[in-house]
Structures are given as C-alpha cells and as structure tokens.
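A.B. asks: Shown below is the structure under consideration.
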Amino acid sequence: MREAQPRHTSMRGARGQRPRKGSQLRAWARHHRAMCRDSATRLIRHPLASLLTMLAIAIALILPAGLWLTLDSARLLDAELDESATLTAYLEQAVGDAEAGRVTEALRAHEGVAEARLITAEAGMREFQESLGLEDALARLENNPLPASVVISPRDTAPEEVEQLAGALEEVSGVDEVRLDLAWLERLRRLAELGQRLVLALGGLFGLGVLLIVGNTIRLSVESRRQEIEVVTLIGATHAFVRRPFLYSGAWYGLGGGLLAWMLLSLGGHWLASPVTALAESYGADYRMPSLDWLGSAVLLFSSTLLGWSGAWVAVNRHLADIRPR
Amino acid sequence: MIEFEHVGKRYGGRFEALSNIDFRVRRGEMVFLTGHSGAGKSSLLRLLMRLERPSRGRVLVAGHDIDRLHVSQVPYYRRQIGVVFQDHQLLFDRSVFDNVALPLTIQGMEPHEAARRVRAALDKVGLLYREKALPIELSTGEQQRVGIARAVVNKPALLLADEPTGNLDPQLSTDIMTLFEDFNRIGTTVMVASHDLALITRLRHRILRLREGRLVADEEAA
C-alpha cells in the first residue's frame, strides 16, 4: 500500500500548533500510563540493582519510623500515668478517726476531686512497716508518728490543674498539707518532648538521605539515557515529557523502599515482641509492642513515594540542564 | 520560508563561525548548502533548529523570528521541522517502528493514527518490511532511511538534512537524494547540507556555498 506522503503547503506558524484540549489531555494521560509501566519494567529488568537501591531507602526510613512508633507507644504509657497521678492530703495529727472520715467526705465533695480514699494512721503504719521491713524499729515507738492521710484522684490530670487543686484542698479544715509529686511526671514529659524532636530531626535527616539515594540513582539513569534524551529533545520533546519516565522511576524506588521498610518494621516488631512483653510484665505493666496501623502504613508509603518522586525531580532538573543536544 | 538577515554567529569570544549570512529560501524550494567541513554548514542548520541563537542578525522561519520564541515554545517549533542527521540518531533499544513513531509519540498522537502514519513513512523509504527490526540489524543506508522516515512522519513543512549521505556509497547517496527530491515535489521545503559537490551539482538545484563562515556563492538551479 503506497500512500500519498506529506501533503501540506503551509507551516502552521512558527509559534507551533498545539493539539486540541481534550485530545491533549488524553495524550497526556496515555503518556503517563505508558511511562508508569515503562519505568516499572526498567526497574524489574535489573532486579538486584533496584532491590539494593530500595533496601538503602528502606534502611534510611526504618530508623525514624521505628523511633516514631516507640514514641507513639510511650505516649500511650504517658496517658496511663496521667490516670495514676494522685495527691496525698496529710491530716493534722490531732484529727481522730471519726473526724478523719468527715474530712474525707469534705474532700470528696470538692468539685475537682474524682476519688478520695482514707488511709488511717494505723493503716498507714502497717503499710509503712510492710514495705520497709522495719517492724522492729517502728514497734519500739510509743506513739504512731504518722498522720492519717487521704489519697485523692483529681478529675483533671493536667499538671497546672492538679497544682491548683492541691492549693484549694489545703484550705479544707483538718488538712495539714497536700503533697503532689509531679516532678517525675514532668521529667517524663520533657523526655517525650525531646524524643519527639529527635524523631523530627532524624526524620528530616534520613528523608534527605532518601532524596540523595534516589537522586544519585536517577542521575546515573539520566546519564545512561543521555542519547535518548538528546534525540527526543531534538525532535520536539518538552521538558515535562523528558522528565516523566525518571519521575516515575523515582516514585517506584520510593514506594519499593517504603514497602521494604514496612516489611522490615513488622518483622522486627514480631521478633522483639515476646521479650519486650516479658520485660514489661516483670514490671507488672501491660505493654504491647507497637506496630504500624493502617494510617501509619499509609503515611509511611505515601511519604516514601513522595520522597522518591522529589529526589528524581531534583536530580533530573539538575542534569537536564547539562544535556544539550550537540 | 527561511530568511537569514545579516546573521553572524560567534562561539566564545573570538571564533566567528558565521558572518553576515544573508539569503532567502522560498516555500517549496530545494536548496543545497555546501562548503568544506568547518565552513559553517552545521552552524547554519543548528541556528535553524534553534539549538543555537544568532549573535547578530535575525533568522526567520515562516515569517517568525525564531530567536524570539520563548523556551517553552521551542519544542513546538521543532515539531514542525523534520531533521535528518548524519549519524541518523536512532535509538538502538527500540524497533524501527518505534523509532519512526517517536515524533508522533512526543506529540501525543492517538496510537492508531500514529501507526498508520509510521507505516506510510516507512513505505515511502522502502522499509515497511523491516518495521519490527532493531536499527542495529540494518545496514548504514537502511538506518539513514529510517532516520529520514522519522523526519518526515510528522509531515513537516521544512525538512533539514545535515550530511545525510556522509557515510554512504555513491549509489546509496543518489537514492537518498532522490528521496529528498520526492518530498520536495509534494511541497516540502528542503535544505540539505552536503560536501559532495559532484553529486549535488548533478541534481540541478539551488546551491549555497559557504567558505570560512561567509556565503560566497548563491547559484540558482540551472
């Protein structure tokens, strides 16, 4: 079949003809699909090299992701600790047992108090003796030096609120002193905050690492496809067209690295789960090994893909500038 | 179709590749550009492809000063000129068909229509039966014809060729030139750079002679 060849007499203006909007959009989507497939095929064609790159990305992602998980579970622990934050009101020495009951009622009636439990002087003494093993020494004392006390659980466990409550309860008659030991709780909070910042800093640092890994890989792949880039540029490819396959490669690397990181995190979690639980049980705590939920997994995969894409973007733009057809 | 107005091109500070080039090529004309290597043939073609910009003067294509095209418009400009390279610039990792289809893919042409055009172009250069071959399996002459098919598949109004017969024997060279004449006959403006004087004088088309960056002769077709 021999067909009449180029039939045209006019140049469609040096400004160039662009296809109509609808077909342009379809062509754009078609090229995206083609490049998405093509770049995946290229990765699969060199399975070992691709796997190594993805593994490097995975390792860079695991540290911040693992730290974040640990911190997240520490936050759960923190919430539990909040519930156990209590105040102790020491009653005046002169207050007798009957009066102590009344004072306890008065304390319980306060709006900020969730629960108040009376510990009589004798009960306090018994507990003290048992916990310290000082029965003999204390038995020698003539009078019980311990006052009766009331253990109070506040409704609002925020440190400022608790402190305010303590002040208010000290005004109740019969109460000598209200003690709260929040210093260690405060310290734990500060530690958690430090941890959060550490995770952020590490996340940023290792995210940069992922960018560099992907960037370097894409740079090599741009270099190896230099001739192709020159040719398509010569025959009218736009920058976006040239960039597209590399962006998809970067995204695939990122997604692959994210998946690997997710797998390694799950494996590591399973591996550590039983000793961690056993350790926690020995402290009488019910602590479960943290694992990535759906949202966490989605965030991990999305951010790794995005990092891969951005790394490729930076690398391609840097190197396209160098590649000018000879 | 092509107008050079006192065009000069300087590389670096001193070397003057082209100086004061001034000529016009009418629509539908076929022109040879000749001269020794280093005379400025390639520089002139590179200006037309807008790979370089003139240091002085203006280059107009279809009435537009191509130096004033915005960077983002350059790809669209290049899609309208077909270029045949001496080293044919084929991509060796894909078939003859895919090589010829490349300009259409870049434009985002619908695959069915693109396939029809690719086959028509391959048929024109007599290589339809090799569409599935890889370029490496072809002879030099065949590779050059694939390069030509790629240059014309988009039906460009302007066809440029830089030493298209550089590596070919006389018979193949004549065949290639005949192909260009065929495209010219149906209205394409053709400009071929070649140092093969014996061949191009025989073909009786307008000849522009360059020497050391100057246009020294403009011989109308006999």
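Just so you know, glycine gets a Cβ as well, placed from its N, Cα and C.
For reference, TrEMBL lists these features for the protein:
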- A:1-26: region 'Disordered' (REGION)
- A:15-26: compositional bias 'Basic residues' (COMPBIAS)
- A:48-71: transmembrane segment (TRANSMEM)
- A:87-178: domain 'FtsX extracellular' (DOMAIN)
- A:198-218: transmembrane segment (TRANSMEM)
- A:202-309: domain 'ABC3 transporter permease C-terminal' (DOMAIN)
- A:251-274: transmembrane segment (TRANSMEM)
- A:294-316: transmembrane segment (TRANSMEM)
A.B. asks: For the transmembrane segment (A:294-316), could you work out the same-chain residues 6 or more beyond its ends whose Cβ comes under 8 Å from its Cβ atoms?
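C.D. replies: Cβ under 8 Å, 6 or more out: 57, 61, 65, 69, 207, 210-216, 218-219, 222, 242-243, 246-247, 249-255, 257-259, 261-262.
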A.B. asks: If we skip the immediate neighbours and take only residues 6+ beyond the ends of the transmembrane segment (A:251-274), which ones have a Cβ under 8 Å from one of its Cβ atoms?
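C.D. replies: Beyond its ends, the transmembrane segment (A:251-274) has Cβ neighbours at 39-40, 43, 50-51, 53-62, 65-66, 69, 210, 213-214, 217, 288-292, 297, 300-301, 303-309, 311-312.
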A.B. asks: Taking residues 6+ outside the transmembrane segment (A:48-71), which of them lie with a CB under 8 Å of any CB in it?
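C.D. replies: Long-range Cβ neighbours of the transmembrane segment (A:48-71): 192, 195-196, 198-199, 202-203, 206-207, 209-210, 213-214, 217, 253-254, 256-261, 264-265, 268-269, 290-292, 296, 300, 304, 307-308.
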A.B. asks: Please work out the helix, strand and coil residue numbers for the domain 'FtsX extracellular' (A:87-178) from the DSSP assignment.
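C.D. replies: Taking each residue of the domain 'FtsX extracellular' (A:87-178) in turn, the totals are 42 helix, 22 strand, 28 coil.
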A.B. asks: Do you know the DSSP helix, strand and coil residue counts for the domain 'ABC3 transporter permease C-terminal' (A:202-309)?
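C.D. replies: Counting residues by DSSP class gives 92 helix, 0 strand, 16 coil.
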